[in-house]
């Protein structure tokens, strides 16, 4: 799917690059977004400026933007939604029964118009029975000229159904249809867009305390989506509405028109999103849930300083900034912003998605968590994925990770402590097979059979007592790439300390005998050593050990663990 953005020349941001020497105007936003599907139909061009524009006052879908990466300037085909197949007289959407209720007119009365676009309109409506006011998106079936347009509508309804009940997602009530239209009935949000509140603030900035409250709510949405195997793909201030005009009103995510489901380990290869918020890996056509976290990092940066972290006069220029440059944390007001806030934003704007904080990890960060409750932190899908991968690692890789886990301090383990506590339901300090089953066998994008869950617990349970304690959990759940990216000096220290647990004589190498002594493995140890011995000198150097820790999947090298192993002690 292709993307095309509104002209970046009309937008402003934070001047960082030497190629952009001119000061930026105040934060304003131009939205000009050709619609992707009937679910994303707000196609009007709006100049956002707090001096002249009224606030939005209801739940209304806005068309997500599509763009092209700077390299190659390749634009993908976009099928015209107004075109029809040769000989086709009835639009595809009018020939399809969506399976939705057919009694909309009997249940609701349409009121004032809230917004409109190429595919339809959004209205205030009233429930005839209860008198409750709702938002109704009316989508014209005649505009659904191709099957994918119908699938987009069905997918968005499915997503809204899945997320309904989350405190920070606009509530879905029902979907209806008649011969001409589809009606999506949702919660009415009358507090306006997050974007409008940013623009209304002095210098378009939030206080740190207020910004943290907003960011925490966005992260909760992202974490819930990711746990369900869903990526929002268009996180930006325009897609968050306040329930009411009250200052402490909850924030509600809306516009899931670009959202899609993804299986663990898979990537999206199309380019979707909005220029200022798009992640580097999206432009490289290899994106996943991490891209949502990047977008929240951009929003966090804007909330704190009133400027965009990546800016240029053209869209291609913005993309180059995103791919090559780092955000500026030196100019005002950053010197007056807390180190904790800066650390948080930096860890969300890491260009390598593997080293970026996950949404659930970010919720454990001290800057966001202050005033929050650990019980509010959801299970991190990446932690569950790491545990699933741990069983696939060779014995040597598992032992190395256990050694590394013992070198980390409480601050470094704060997010994993939250995750452990979330899985340890009975709070007895260990994870049982049943608790592991509850965490791994839920309605995730994948469901594991009981035998598979037992296999994972057995692999993590290094002392074979039938439970997983916190140390064992850390070894299996660690994000090694993050350790190195966030603090390279600490990474050097921690990885060396882990290496020295194997290097018993302190000569700077791990020999086969030292490997046997540390692991307690019986039988031939050479196959295990050869796995990490890149230069084939019969021993493992510190550099080779670090490479072992970084390697994604050691078993892909087809090295078999020695038979008859026996774990003599816990690492």
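Cβ atoms here come from the backbone N, Cα and C positions, even for glycine.
Keep in mind it's a predicted model, so treat the numbers as computed, not measured.
Per Swiss-Prot, these features apply:
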- 1-74: region 'Disordered' (REGION)
- 63-72: compositional bias 'Basic residues' (COMPBIAS)
- 108-368: domain 'Protein kinase' (DOMAIN)
- 114, 115, 116, 117, 118, 119, 120, 121, 122, 137: ATP binding site (BINDING)
- 274: phosphoserine (MOD_RES)
- 374-404: region 'Autoinhibitory domain' (REGION)
- 411-446: domain 'EF-hand 1' (DOMAIN)
- 424, 426, 428, 435: Ca(2+) 1 binding site (BINDING)
- 528-555: domain 'EF-hand 4' (DOMAIN)
- 533, 535, 537, 539, 544: Ca(2+) 4 binding site (BINDING)
- 541: phosphoserine (MOD_RES)
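Within 10 Å of its Cβ, the residue among the recorded positions 122, 274, 428, 541 with the fewest other Cβ atoms is 428. Listed in sequence order, 509, 510, 511, 512, 529, 533 are the same-chain residues six or more apart from residue 539 (Ca(2+) 4 binding site) with CB atoms under 8 A from its CB.
For the recorded site, residue 435 (Ca(2+) 1 binding site), the DSSP three-state label reads helix. Taking the Cα of residue 426 (Ca(2+) 1 binding site) as the reference point, the closest of the recorded positions 116, 122, 274, 537 is 274.
Taken residue by residue with DSSP, residue 537 (Ca(2+) 4 binding site) is part of neither helix nor strand, so it is coil. When Cβ-Cβ distances below 8 Å are used as the criterion, the domain 'EF-hand 1' (411-446) is approached by residues 227-229, 261-264, 357, 360-361, 363-366, 374, 377-381, 383-384, 387-388, 452-454, 456-457, 466-470, 473-474, 477-478, 483, 490 of the same chain, each at least six residues removed from its ends.
Using the Cβ center of 424, 426, 428, 435 for Ca(2+) 1, the list of other same-chain residues with Cβ within 8 Å runs, in sequence order, 423, 425, 427, 429, 430, 431, 432. Around residue 535 (Ca(2+) 4 binding site), the same-chain residues six or more apart in sequence whose CB sits under 8 Å from its CB are 541, 544, listed in sequence order.
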